[in-house]
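> First the structure, then my questions, so here it is.
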């Protein structure tokens, strides 16, 4: 295998960036942040309309319960969806998650009480395992390490774009009978004041489902050669519309076959000139025009087990996911509450810790501000993160970002004390800080987890566990921060919840001290690295490597 290392590196260097499939994946993905983010501008007012409490200080606690319902159920089901994607493929699970999102949004729009709203959000979390499966899909599409910063910045950028649209929709379309009484008064949207934004978001989910069914290709190495009726229908429709020649799928993602090309080539580069005109060696709907002139040595590798996935580095990464998710989702909840809460009257103020107040902004203004943060995060995601990551590496980027998070949380509650003419600039400062940190932290973790995985066959499971870790913390985060904020409001300390999550963020810096910068395995070294990672585990099952099974099929 060693003698093919140089040739393999050459092939990897020539591997094109998977633009087509990442674009299709982005179109499927964008509907979820739109649906998720649309509830934040009006959640505070929705809970008030439920009349579950006369104490306005406790409203934030119930808002946290609604947010947590989704995250807790996503945690419970996350590992299941990750494991299922390892068995049946990524595409089926991704489409199922989109369906669950659409169904939960419809139910949420019709909610007239807190239990119904929580059930709708819980159902959405239970049926949606897309975060981990999405990360796995990207990892399988991106087969070259130098493409990783660019590729892993795309999905978070799509999330940012979705938050812009979602926050704007939620802020503008919520309670339409109040904002446009001439149009909506006396209609169903007066009876269900939060139905309209959820209907629009459901329409976006249906669009994502259609795009995914027709054009998204399977990336699982054992399933991507299966027949896909959706792809066939999509290509038939494209040919009818554009009268274009038949499209050969898998040209962007056939890494195992690119590696196969490298292993089959000998020192004489002319051996495979007959395939030079093809974008890849082969695809699921094409065949070799002539068989390779080489005989192959069968090589046996050990199929990894679940236990093999949890190395020291992957466990540290999963822990970081959980801690990061806890304080970032708490921030997502506390910021709209700060913007919605009544302004400070100056009574019972005893600085630096005892003070109360917010900005008392409308749902429309909240939606606009949260939309602006999406624009800022897109800039940070597409421009700042790839540049910084290439310069100093994923681990250093993550460590630096985590070290600065506590200062953000300690500063934020004091914005309520600023004069009115300085409050908006203060919010903009916090937003820039917040979105830059998020643009740096999550993609770095995704890259390090993908590179630390002992085998691509374990990526679905690892990402499922990582997302389950993040989900359970996203469940506790809003509940704990909401309850802490309610206590802080009662004792006259509005910053109590903020300072609590600042302490959690400080704890999150600990695992960084023990993490290492993993590198993507090249084709030439992948077998040895995988065997070293797996060790001599007697539970592993030795079988013919999947790539070599493909070799035998091709030779036949």
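Counting starts with 1 at the first residue shown.
Here the Cβ of each residue, glycine as well, is placed from N, Cα and C on the backbone.
The model shown is predicted, which means the values in this text are computed figures rather than measured ones.
Below, the features straight out of TrEMBL:
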COMPBIAS  277-289  compositional bias 'Low complexity'
COMPBIAS  546-556  compositional bias 'Acidic residues'
DOMAIN    21-520  domain 'Major facilitator superfamily (MFS) profile'
REGION    271-290  region 'Disordered'
REGION    525-556  region 'Disordered'
TRANSMEM  21-47  transmembrane segment
TRANSMEM  59-81  transmembrane segment
TRANSMEM  93-111  transmembrane segment
TRANSMEM  123-142  transmembrane segment
TRANSMEM  154-174  transmembrane segment
TRANSMEM  194-216  transmembrane segment
TRANSMEM  315-335  transmembrane segment
TRANSMEM  368-388  transmembrane segment
TRANSMEM  400-418  transmembrane segment
TRANSMEM  424-446  transmembrane segment
TRANSMEM  458-476  transmembrane segment
TRANSMEM  496-515  transmembrane segment
> Apart from its near flanks, which chain residues at least 6 from the ends of the transmembrane segment (496-515) lie with a Cβ under 8 angstroms of it?
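Distant contacts of the transmembrane segment (496-515): 312-313, 316-317, 319-320, 323-324, 326-327, 330-331, 334, 395, 398-399, 402-403, 405-407, 409-410, 412-413, 448, 477, 480-482, 484-485, 487-488.
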> Taking the transmembrane segment (154-174) as the reference, which of 21-47, 59-81, 368-388, 400-418, 458-476 gives the largest number of Cβ pairs under 8 angstroms?
21-47
> Does the transmembrane segment (458-476) come close to the transmembrane segment (368-388), meaning at least 3 CB pairs under 8 Å for residues 6 or more apart?
no
> Short question: which residues 6 or more past the ends of the transmembrane segment (21-47) have a Cβ under 8 Å from it?
59-60, 62-63, 66-67, 70, 94, 97-98, 101-102, 105, 108, 111, 114, 117, 128, 130, 134, 137-138, 141, 151, 154-155, 158-163, 165-167, 169-171, 174-175, 194, 197-198, 201-202, 204-205, 207-209, 211-212, 215-217, 219, 252-253, 332-333, 336-337, 340, 363-364, 366-367, 370, 374
> Near the transmembrane segment (59-81), which same-chain residues lie under 8 Å Cβ to Cβ, leaving out any that are not at least 6 residues past its ends?
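Non-local partners: 36, 39, 43-44, 47-48, 50, 52-53, 93, 97, 104, 114, 117-119, 121-133, 329, 333-334, 337, 461, 464-465, 467-469, 471-483, 485-486, 489.
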> Under 8 angstroms for C-beta pairs, at least 3 of them, ignoring pairs fewer than 6 apart in sequence. Is the transmembrane segment (315-335) in contact with the transmembrane segment (194-216) by that rule?
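The answer is no, given that the two segments have fewer than 3 Cβ pairs within the 8 Å cut-off.
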> I'd like to know the mean pLDDT over the domain 'Major facilitator superfamily (MFS) profile' (21-520).
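Mean per-residue confidence for the domain 'Major facilitator superfamily (MFS) profile' (21-520): 78 out of 100.
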> Quick test of the contact rule: Cβ under 8 Å, at least six residues beyond the ends. What residues does that give for the transmembrane segment (93-111)?
28, 31-32, 35, 39, 46, 70, 81, 84-85, 117, 119-121, 123-130, 133-134, 137, 192, 194-199, 201-202, 205-206, 208-209, 212-213, 216
